[in-house]
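See structure below.
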Amino acid sequence: MAQAGSADPGVGGHWAAGPRCAPWRWALALLWLATAAGGPSRRQWPVPYKRFSFRPEPDPYCQAKYTFCPTGSPIPVMKGDDVIEVFRLQTPVWEFKYGNLLGHLKIMHDAIGFKSTLTGKNYTMEWYELFQLGNCTFPHLRPEMNAPFWCNQGAACFFEGIDDIHWKENGTLVLVATISGNTFNQMAKWVKRDNETGIYYETWTVQASPTKGAETWFESYDCSKFVLRTYKKLAELGAEFKKIETNYTRIFLYSGEPTYLGNETSIFGPTGNKTLALAIKRFYYPFKPHLSTKEFLLSILQIFDAVIIHREFYLFYNFEYWFLPMKFPFIKITYEEIPLPKRNETLSGL
């Protein structure tokens, strides 16, 4: 995303005009200048998620505690006349390790299941972090680097099979639609493009307040958003979804209008803002991983002081830094209904 700046008011006309022309020319000039100067500051909210032309190779420094997509396989090409069942899959985050612990807090992970009628094979498709959630939410402060170092990538994972117990025991496994093999193949091409261009994970949804219709400053980009994008694409391709309730976890931050600060070079580079750079690193320091119990408790107090008492939060979005003037209630986890999409009636027979 381009950095906002004031437009160059290079006026081509001559302001040294005769007395009778001066008033209206001055008025037009001032109006033009006001429009030009004010235009870039009126940002688009929410800030659009930046897409890329390719997915970069991860830095070797970034290591996953749990291997990403260990049994992944290419998405198969289905026969056009196959009938594919589409399943909504949802389970508590880290259910494989903690069971239903996070399910009580409605912190859920979402995925999509498919079953081919012709072959009887099942498949799972999900989108999640390459290096776990903490690395996608907060950076590493490496002594040899001036700028915070981010291990933040998310990607799609497709593999054969659906672990029924994993999804059913504490979550959801329910049929939501039936599509043709042709529609599945079209979806697969879209998934490939989506995965190559949407490369990083975003934990937070940032809004002005919890009230309905409040301004949204930034949207999250996570597992549930991938599922919602895929459902929307299937509906565009003609899929008809069942009328069932579907809820999703969202983690909100609440703030006044964000202030754009700059990117890594403009803040942490040789000619960067040293005061701002230090403030950002101080903010992120309590979030560092591998803490002892004593360090962890101290960090909680430091985070409380920064976010609640001083009402400050530094957000990294689109590889750029923003300042959030935090507002009550500061942070909230919700489990909201987002309806399944309606079929595109202009595309029949798909």
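Note that Cβ sites are derived from N, Cα and C of the backbone, with glycine treated the same way.
What Swiss-Prot lists as active site, nucleophile is CYS223. Sequence-distant contacts (6 or more apart, same chain, Cβ under 8 Å) of CYS223 (active site, nucleophile) comprise HIS109, ASP110, ALA111, GLU126, TRP127, TYR128. In the three-state DSSP classification, CYS223 (active site, nucleophile) falls within a helix.
Per Swiss-Prot, the feature disulfide bond maps to CYS62-CYS151 (among others). Residue density at CYS151 (disulfide bond): 20 other Cβ atoms are found within 10 A of its Cβ, drawing on all protein chains shown.
If you draw a 10 Å sphere around the CB of CYS157 (disulfide bond), it holds 18 other CB atoms from the protein chains shown. In the three-state DSSP scheme, CYS157 (disulfide bond) is classed as strand. Here Swiss-Prot flags CYS69-CYS157 (among others) as disulfide bond, drawing on similarity to another entry.
According to Swiss-Prot, the N-linked glycosylation site annotation covers ASN122 (among others). The Cβ of ASN122 (N-linked glycosylation site) has GLY113, PHE114, LYS115, GLU160, GLY161, ILE162 as same-chain neighbours under 8 Å, each 6 or more residues away in sequence.
Sequence annotations record features per position, and here Swiss-Prot assigns N-linked glycosylation site to ASN135 (among others) based on sequence analysis. According to DSSP, ASN135 (N-linked glycosylation site) sits within a helical segment.
Residues or ranges marked as N-linked glycosylation site by Swiss-Prot: ASN170 (among others). ASN170 (N-linked glycosylation site): 18 other CB atoms within 10 A of its CB, across all protein chains.
The N-linked glycosylation site annotation in Swiss-Prot covers ASN195 (among others) and is backed by sequence analysis. Reduced to three states, the DSSP call for ASN195 (N-linked glycosylation site) is helix. If you draw a 10 Å sphere around the CB of ASN195 (N-linked glycosylation site), it holds 17 other CB atoms from the protein chains shown.
Applying an 8 A CB threshold to same-chain residues 6+ apart, the list for ASN247 (N-linked glycosylation site) reads LYS106, TYR335, GLU336, GLU337, ILE338. What Swiss-Prot lists as N-linked glycosylation site is ASN247 (among others).
According to Swiss-Prot, the feature N-linked glycosylation site maps to ASN263 (among others), an assignment based on sequence analysis. Secondary structure at ASN263 (N-linked glycosylation site), as computed by DSSP, is strand. Cβ neighbours within 10 Å of ASN263 (N-linked glycosylation site), excluding its own Cβ and spanning all shown chains: 18.
Marked as N-linked glycosylation site by Swiss-Prot: ASN273 (among others). DSSP assigns ASN273 (N-linked glycosylation site) to coil in the three-state reduction, outside any helix or strand. Close to ASN273 (N-linked glycosylation site) in the fold, though at least 6 residues off in sequence, lie GLY262, SER266, ILE267, each with a CB less than 8 Å from its CB.
Look at ASN344 (N-linked glycosylation site): DSSP puts it in coil. Feature annotation from Swiss-Prot assigns N-linked glycosylation site to ASN344 (among others).
Here Swiss-Prot flags 1-25 as topological domain 'Cytoplasmic', drawing on similarity to another entry.
Under the heading topological domain 'Lumenal', Swiss-Prot lists 43-350, citing similarity to another entry as support.
In sequence order, ALA235, GLU236, LEU237, GLY238 constitute the residues six or more apart from ASN344 (N-linked glycosylation site) in its chain with CB-CB distances below 8 Å.
For ASN135 (N-linked glycosylation site), the recorded positions whose C-alpha atoms fall inside a 10 Å radius of its own C-alpha are CYS62, out of CYS62, CYS69, CYS157, ASN170, ASN195, ASN263. DSSP classifies CYS151 (disulfide bond) as coil under the three-state reduction. ASN170 (N-linked glycosylation site) falls outside any helix or strand according to DSSP and counts as coil. In this structure, the C-alpha atom of ASN170 (N-linked glycosylation site) lies 22 angstrom from that of CYS69 (disulfide bond).
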